[in-house]
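In Swiss-Prot this protein carries:
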REGION    1-52  region 'Disordered'
COMPBIAS  42-52  compositional bias 'Gly residues'
REGION    77-205  region '4H'
DOMAIN    77-381  domain 'Cbl-PTB'
REGION    206-278  region 'EF-hand-like'
BINDING   259, 261, 263, 265, 270  Ca(2+) binding site
REGION    279-381  region 'SH2-like'
BINDING   324  4-O-phospho-L-tyrosine binding site
């Protein structure tokens, strides 16, 4: 459920032209932006990088900033979804798009690009609704869809209030409110990639979703059967039995890495992404601790452009590098590094776990200084099998 790179500025919502779902027969949507069906720019996030603070605290500090509504960890059951709720959500999405279209905001057209993401999300939801025409009750009772719609509503409202509170600071590219807008854009892109993964071509297939790594798939099947989505608390308890979580602090940091859509639930899609990123399964949490929690090169919720900007400081220190979840290919890593001739490149390692790519890159002289620091963590211990906890 990931898609390729190039983003372009798509046609957008035309204000006030949200279609009534009652007249949902028309194959061509009245929205100006509805023709904008293109590859989703999935995105990455969740960890210790952006603020420069490392460790568990840094991991959470960075991941938690944009969503201040997270006081509860046991979510209430999501409300039932009907057409009225979907239409209301579209109006909010429309409002967000109009706020982001303000020429003073001057958003860069690169992933994650909210002016593509929200129209694409609208488009995919239209496809879903057309597939469930006359069966809206089935859709409205689908737990995944209910959680998704409630989260979409929350995140759009949050974005609107960000503009309200940020005022003119929304026009400054390096302000904190703008950083939060980028994080929300990443969350929207994770949500879209997930929706397309669970409802490919508009039909629910969450119960047959294929988890890439066999041992991770076996864990999910044993713990949750055919469930598509489980509350964070249930997930944490099940995972703890196989991979012990050492503290409440570690649990919260783990949540900030795996809960890509920031809704207090873990979906089979998010679990698949996480287990691909931090493979192998046998040492999952050890890998995560070494690569995310304690590694100075790991960047949370950072985009391609932000990586370039961050490495600019180390342009005279070839071998400086940082890494993030790939924006365009969820489940893969992107490593940014400074070359000997003073260029900044970003590469996606294929067919090997991240720690192996970092070890190889260190030996070859490419990845020497994580976030410009002289001390590079030794990851060779991750090559050895984990002492297994039964």
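Cβ from N, Cα, C; glycine included.
Residue counts for the region 'EF-hand-like' (206-278) under DSSP, helix first, then strand, then coil, are 46 helix, 6 strand, 21 coil. One way to see the shell of the Ca(2+) site is to take the Cβ centroid of 259, 261, 263, 265, 270; the remaining same-chain residues with a Cβ within 8 Å of it are 147, 151, 194, 229, 232, 258, 260, 262, 264, 266, 267.
Secondary structure of the region '4H' (77-205) per DSSP, as helix, strand and coil residue counts: 97 helix, 0 strand, 32 coil.
Secondary structure of the region 'SH2-like' (279-381) per DSSP, as helix, strand and coil residue counts: 34 helix, 19 strand, 50 coil. Here residue 324 (4-O-phospho-L-tyrosine binding site) is positioned 16 angstrom away from residue 270 (Ca(2+) binding site), judged by their C-alpha atoms.
Put simply, residue 324 (4-O-phospho-L-tyrosine binding site) is 22 Å from residue 265 (Ca(2+) binding site) when counted between their Cα atoms. Separation of the C-alpha atoms of residue 259 (Ca(2+) binding site) and residue 324 (4-O-phospho-L-tyrosine binding site): 15 Å, rounded to the nearest whole number.
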